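Taking it in order: structure first as structure tokens, then the write-up.
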């Protein structure tokens, strides 16, 4: 038992270090942009650039990782490449002004540009790195119960990393001599983050990936339609900084859109519903997480982020940011507790109840924050969202492992051309939708329930697709569709992570304009509550077991 726990902690150490960097970035990035003179609406858009890049490249990374073979395993080469981007961003962000001053005589524009580049690099590489990390956990700990326990530890380490990341900015480091030497609190914290992250990255050397766990990874995933070059997708980022390649990159991104649409049609029902629930749930939580410190600094403390350093408005804002950091620290502390209890909660209540109650808590907490100005109550509500954070870090990935543990049930054949042909035949014969499929499934079930029928074949009959063709004499014939090749685990992890990335893009693009329109940062929490209510409705349609799948087929 202790050996297994030690292995789990070793695998998830890098996740902890990565979350420390991302959490601290969540605290410092909005104030750094506002201090540099970036307007609020453009500040929120900058926060959306990294997730947009992730939406394009994360599915490619997931698909390429499923097919990669090498001496270092399938996941670690991608993990190391993305971590190098994080390390580069940790150097650029605190030193943007110094680098700009060395390069040009009027450095303000270049300083803002370097700051934006560093932030986008951290957001993209940091968030994209979680995809191969999650796939590595699922590779080493397969099965429903084992994966749920593994992702509970994963959530625990993420929460601990968040606690540390939110606690670092809440402390005053200016009294330390080294902080003064490096250039202030921000520079000292980013140097400390670099050391912590390097130490966590070194632990991946001691991880032994299980080769050939699967055969899942050796087969081409049916929904993989992205290019799968073995070259690192991160290298594409460097082309973005060359104007002559910008048109080529944009054209390539636009050419992917038809493939994305075709892939979406081929994604199984269980993944589509999980994706939509994840998207709305994270939109509610990210609207809170990304802008909570700004909400406290401006909304509760009446601070002014663009004020002159040392002025009353600026001091109030800085105090509000520190108090907001404390609220996010308490949120992560709550998440640690629920990560430890998650396995028991699922056994007592079931995954559906745990997931839906966590979304309800988020909706209630953000609703209270929208109407209350009492700081202790707002801080208490911020801490309560740790339940939601822990749930979203565990259950969706446990569901992915559940789906992959029985692919014949949860991933039935879903050829879109077959479905379109069946719809045409049903319209010609004036039959209700799905009548042909249901008719032949009943016949197949009757044939397979005979004396010589095997139980596995009988169990598979109701879930397999039906190929339908219209004959010359006006009749139609049908046959069971063949079982499709196994799906790649990392590809479905990438689809989930795409929902996480997209959940940051939409709030980043919309909320800045809404805040300027309403002239109140309370709009951040109001929108978070609205997204959470939408998430609760969509999550109620998620598929948590085979019984839910049968109900969705009958509805």
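Glycine is no exception: its Cβ is also placed from the backbone N, Cα and C atoms.
Pulled from TrEMBL:
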type	residues	note
SIGNAL	1-17	signal peptide
TRANSMEM	42-65	transmembrane segment
TRANSMEM	77-97	transmembrane segment
TRANSMEM	109-130	transmembrane segment
TRANSMEM	151-168	transmembrane segment
TRANSMEM	188-210	transmembrane segment
TRANSMEM	270-292	transmembrane segment
TRANSMEM	323-341	transmembrane segment
TRANSMEM	353-371	transmembrane segment
TRANSMEM	377-400	transmembrane segment
TRANSMEM	499-517	transmembrane segment
TRANSMEM	523-544	transmembrane segment
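Counting Cβ pairs under 8 Å to the transmembrane segment (151-168), the stretch among 42-65, 77-97, 323-341 with the most such contacts is 323-341.
Within the chain carrying the transmembrane segment (270-292), a Cβ under 8 angstroms from the stretch's Cβ atoms is held by residues 26, 30, 44, 47, 264, 324, 327-328, 355, 359, 362-363, 366, 369, 382, 385, 388-389, 392, 396, 399-400, 403, 410-411, 492, 495-496, 498-500, 502-504, 506-508, 511, 521, 524-525, 527-532, 534-535, 538-539, 541-543, 549, 552, all 6 or more beyond its ends.
Within the same chain, the transmembrane segment (523-544) stays apart from the transmembrane segment (77-97): fewer than three Cβ pairs sit under 8 Å, each pair at least 6 residues apart. Nonlocal intrachain contacts for the transmembrane segment (323-341), taken as residues 6+ away from its ends with a CB within less than 8 angstroms of a stretch CB, comprise 23, 26-27, 152-153, 155-156, 158-160, 162-163, 166-167, 169-170, 289, 292-297, 300-301, 375, 378-379, 382-387, 389-391, 393-394. With a cut-off of 8 Å between Cβ atoms, the residues of this chain six or more beyond the transmembrane segment (499-517) that come close are 40-48, 50-52, 54-55, 58, 127, 275-276, 278-283, 285-287, 290-291, 523-524, 527, 531.
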